[in-house]
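*Asks:* The domain 'DYW' annotation in TrEMBL covers 828-920. Positions annotated as repeat 'PPR' by TrEMBL: 108-142, 209-243, 310-344, 411-445, 481-511, 512-546, 613-647.
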């Protein structure tokens, strides 16, 4: 055999071995050829390069071959150069690939495609697009493969505008009929979210392959367009193409998203019948279907028969049991995973942590947190986001903040979780400070972050900041986001900006229950109760469905107006719609009847509840306490504890107030001590004020003063005002002056403080001191709040001031009142308003000026309402001794029930006695 024949035979062997990817043999044959014949041609070097493709451990040989080709003068040849570009590009060495590309003497389409593909595969879309421009300027006509590569690069780099330009070139070059170009266009538009354009490209394609259908099905399934994905699958079957594992995996995901369990099970059967081997993606999709459709038992069977080394399957089982809040089973799976030696990934911890959050097992979540630190996931943004959410939801905001601070790189989800946590716990100022901090770090807020910030503004009525966030919504492109608009509607409504709230409300095309509820609750929280109830009425007229929050907000608005008539109508509507079975609605109804003076209705609603929570017990205890039924309130407190419910700070305010209203001093003090000793509740100023009230009402003023002086926290205005009020009742001017001194330092412009001190001096006959206090008020520009009372008659609310003669029926009212006073005087009533004025003042004042507003309201009610109806009067100040005594006699003479709600409590007057037992 001649040397030429031997070289040819060796070259044929080379080619055969390369085809079989036998890299080592190929390189050995190249070396043998070099030893035997002394020279290697360009085809030989090309074969060697092909042999090294995909073999990272052959890099030294690749470099050696590259160097050899340069030395032998083949460095600029296309055959070797194109292969080297491909090898370097596929291994991420783009700089070397570009160097070879630039060194080619002549570039063909293979050269351009190799370089473009390299950029595309490495996510360098801009570089690929620039190279495409260079190719165009070089007058090289693009081939379908070139255009496909550029489109893939634009898709990966999300260069959608550039991708549209390439699409134009596709039309211009007439390559629309090329299937792989169409596939690349579909992938581009699906990634961009333009499903209509993707479907249009699909419909224009003359021939579609399996890749076409898989790309479309996968794209729609990933965006939860399950129904459309299934429609495309039907078209695929009609075209005669058989689905593969990729198709089925995407279809299973589509079925899971739309809840089409039957179709999903058919696909499962098809997998088994077709004998397809389940890869980890198909197994995961199949398991996900059964998990999302609630068939946990079958899901577990699939899991047991699947690849137990696949961490995705373990994660899906954690999700499965988390979905049904079975923390025990979820934790068991997690422990089995650890025992099997499966290393958790960044999705494992969030799965189990979410279950801990839903189950309220925050301590277990804390242990999982520790484990995540040990396994190196403490800095993972996904894990940290779930941890922040968990700690925030249960009020562990310091820990949540610590997790955020430990993150080296914070993303928008981490910041938003922290902001939402602050808002959830009414720490709105902290939420807004964190929102600003996020922006200062260069993180642009998403729709959830903007909605949370707007909620924070609503919580503290920060209208100025709210306007800035409203502007940011437009700048950020979220002007069509309904969730943000709903929050903004609530913001304007809570800030009392009714016109702006209605304007935004009307601008929302598709209003949901959240939109209506945001407006109703916003008006209710800003004191625009009538507006809230008008919106409720409009909601019903439009056919929108009421939900729990609708009724709670509307009933609360009626309660705050003390409009029992409107409240009962709402109660009837709630019964018709079946919402009275909701605990929150019943709680609102108890509060309504309690605030409207109908304590029996409140007790009935409470007794008919199938389930009660802490709010239910707190509301009925507080209501009984305010209505003078202290012993009933304390009995309810005992029942609450027997049912295993833990009292909170609100519970103890009701309990302490009950003890105060019935004079149970020692029992009240015992309950106060038990707060921290037995229940771990830290007293707040309201609790201390209640204790001072207990001691003050009982006349134990020295003990009350000592209690205030020994408080572990600084006494606030409420505490000192309570002590001063007790001093006025018991005529203890020494302690009263001490309380007034502190009170005027804390609230120098509060008229009630001056009035209390002035009256304390008056009842003790210290007229000069009283006059000094009144002068001090005038000098400081403080005006006394006038006493005012309201009564509803025939759906109209009538208001009265002391000595009021502005009412249209003033003459008849005063005439009726004079006759009534004569009648009650005959059974022992004596007016007692003069103790606040000395003799000269009494002589100078008009006798009608001593007629307080509640007397006028009661007289008008007696004149106007039928005998069967109780009189319900509201007063903005504490009822005085004389009016309290007058109403007892009036109820006895007239035989009518009078319910008076003053600023502190309710008084029920019947048959000459009051529910407070004259202890108020």
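Here the Cβ of each residue, glycine as well, is placed from N, Cα and C on the backbone.
Could you tell me the structural context for the features on the list?
*Replies:* Through the fold, the repeat 'PPR' (108-142) approaches residues 78, 81-82, 85-86, 88-90, 92, 94, 97-98, 101, 149-150, 152-159, 162, 166, 169, 173 of its own chain, all at least 6 residues removed from its boundaries and within a Cβ separation under 8 Å.
For the repeat 'PPR' (209-243), same-chain residues at least 6 beyond its ends with a Cβ under 8 Å from one of its own Cβ atoms are 179-180, 182-183, 186-187, 190-191, 193, 195, 198-199, 202, 250-251, 253-258, 260, 263, 270, 274.
Restricting the average to the repeat 'PPR' (310-344) gives a pLDDT of 84.
Using DSSP to sort the residues of the repeat 'PPR' (411-445) gives these counts of helix, strand and coil: 26 helix, 0 strand, 9 coil.
Under DSSP, the residues of the repeat 'PPR' (481-511) split into helix, strand and coil as follows: 23 helix, 0 strand, 8 coil.
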*Asks:* Go through the chain and flag residues at least 6 beyond the ends of the repeat 'PPR' (512-546) whose CB is under 8 A from any CB in it; none is fine as an answer.
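*Replies:* Answer is 458, 461, 482-483, 485-487, 489-496, 498, 501-502, 505, 553-554, 556-558, 560-561, 563, 566, 570, 573, 577, 579.
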*Asks:* Quick one: DSSP breakdown of the repeat 'PPR' (613-647) into helix, strand and coil?
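*Replies:* Helix, strand, coil within the repeat 'PPR' (613-647): 26 helix, 0 strand, 9 coil.
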*Asks:* What residues in the same chain, six or more past the boundaries of the repeat 'PPR' (481-511), come closer than 8 Å to it by Cβ-Cβ distance?
*Replies:* 447-448, 450-451, 454-455, 457-459, 461, 463, 466, 470, 473, 518-519, 521-523, 525-528, 531, 544
*Asks:* Can you tell me how the residues of the repeat 'PPR' (512-546) break down into helix, strand and coil by DSSP?
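*Replies:* Going through the repeat 'PPR' (512-546) residue by residue, I get 26 helix, 0 strand, 9 coil.
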*Asks:* Can you break down the repeat 'PPR' (108-142) into helix, strand and coil residue counts using DSSP?
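*Replies:* Summed over the repeat 'PPR' (108-142), the classes give 26 helix, 0 strand, 9 coil.
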